[in-house]
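Per TrEMBL, the feature region 'Disordered' maps to 1-20, 32-54. The annotation compositional bias 'Basic and acidic residues' is assigned in TrEMBL to 32-41. Among the features that TrEMBL reports, repeat 'WD' is placed at 82-110, 148-189, 190-231, 232-273, 273-313.
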Amino acid sequence: RRREAAAAEEEVDETPQEKKLRLAKQYLEELRQLGESRPAPEPRGAAPGAEPDPHALVLGSLSHILCFLQVQPPDPARIRVLRGHQLPVTCLVISPDDRFIFSASKDGSLIKCKLPEGDCDAFPAGEVESGKRLCVVPGGKKGTEERHMGHASHVLCMAISSDGKYLATGDRNKLIMIWDAATCKRLHIFTGHRDAVSGLSFRKGTHQLYSASHDRCIKVWDVAENAYVETLFGHQDVITGLDSLSRECCVTSGGRDGTVRLWKIPEESQLVFSGHQGSIDCIQLINEEHMVSGADDGSLALWGLTKKKPLALFRQAHGEQGAQGLQQPCWISAVAALRNSDLLATGSHSSSVKLWKCGEGFRKLEHLLDIPLVGFVNSLKFSAAGDFLVAGIGQEHRLGRWWRIKEAKNSICIIPLKQKTTASSPESPGSS
């Protein structure tokens, strides 16, 4: 009875829609393991044109979204390095149409780069060079915030709206700046946080912006109306990362309070998840039901939003460093997920970016391959199509200056990914 009670406590109440989605994903995973790729059969006796079964509709909508990818090691000669920032790159985003990269740095600068058209597996070097800087907003000196268009302190985070219209950036000086993504013109400044702004995310399909700060709170903003909406409290330490998708909620990593939290905005409530032993430095949603986080104890955790403990925990994911007897795990400083797939990427200062696969219905983490990169990997993003991965590299960690990797270059690395789908969509022609 005690075991059953403990298991029941770990379960988080879920709505009927959430249960239906979870069961659909479980069914799809079973299909994949059997090598099948067809949607759920229609009930016997269903008349042509009859109202479709809601369960089958959920399965059909998920089938073409969930893709299981096999990634091959990229050719090092195809990895392109873009320079421009004087100090470590701290954050970056890719435009929704995969045409532009926006990056920011500890020098306060903001750069917009154009990606080459066509196949990202064969970047023409000249095209990258010629189009690499469409717009540069230089960083200003401390105290010039009033008359300077850009940031005058370290930029720690950024986000772009799902329609590509707005870009938001947050800095160590408590400011959130809103930009026109097309022209790089500053539109507005949000003030209200009492410490460094460390996480930003637009709710998908809207202009609602979530922000997280070292002041331990979450704020909600309406960017289209230039309006503040509300503040949420709960973390016991600085918030280091934030992410969101379509639902009216967001997830955050709480540094040394050792928790990951799911914030339900309309109810002003939160769910608390725990499992890491170190400071949780980064977090990313994989889909509406799962997320991944990394900590400075080197652990990588895979979570389901209906469980308070990790579904999978990989310790020392990037190995150890230091002299014999004094080894310390390499911190995980960045995580990325290819949305609605099973592919993850993690960054550290271990001289490589690692790619991972979520196996066994998101209950196992499998290491796929290493991509050599020297320096602190402070930010990672997959393109929407999944054909390339972008890494923001710095000589220092984005949140501090504990030590410096002199041989690293403060740069953006574009890594083409060769992929082949191992299970075809049920809706595709020729599928059984």
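In case you wondered, yes, glycine gets a Cβ from its N, Cα and C as well.
Nobody curates TrEMBL annotations by hand; they come from automatic prediction.
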Selected stretch (most C-beta pairs under 8 A with the repeat 'WD' (82-110)) from 148-189, 190-231, 232-273: 148-189
Surrounding residues of the repeat 'WD' (190-231) on its own chain - C-beta under 8 Å, 6+ positions past either end: 154, 156-162, 165-166, 168-178, 237-248, 250, 252, 263, 265, 268, 399
Chain residues in Cβ proximity to the repeat 'WD' (232-273) (below 8 Å; excluding those fewer than six residues from its ends, i.e. six or more beyond): 12, 157, 195-196, 198-205, 208, 210-220, 279-285, 287-288, 291, 293, 301, 303, 305, 307-310, 339, 399
Chain residues in Cβ proximity to the repeat 'WD' (148-189) (below 8 Å; excluding those fewer than six residues from its ends, i.e. six or more beyond): 90-97, 100, 102, 104-106, 108-110, 112, 135, 137-142, 195-202, 204-207, 209, 211, 213, 221, 223, 226, 242, 398-399
Helix, strand and coil residues within the repeat 'WD' (273-313) as assigned by DSSP: 0 helix, 22 strand, 19 coil
For the repeat 'WD' (190-231), the number of residues DSSP places in helix, strand and coil: 0 helix, 24 strand, 18 coil
Helix, strand and coil residues within the repeat 'WD' (148-189) as assigned by DSSP: 0 helix, 22 strand, 20 coil
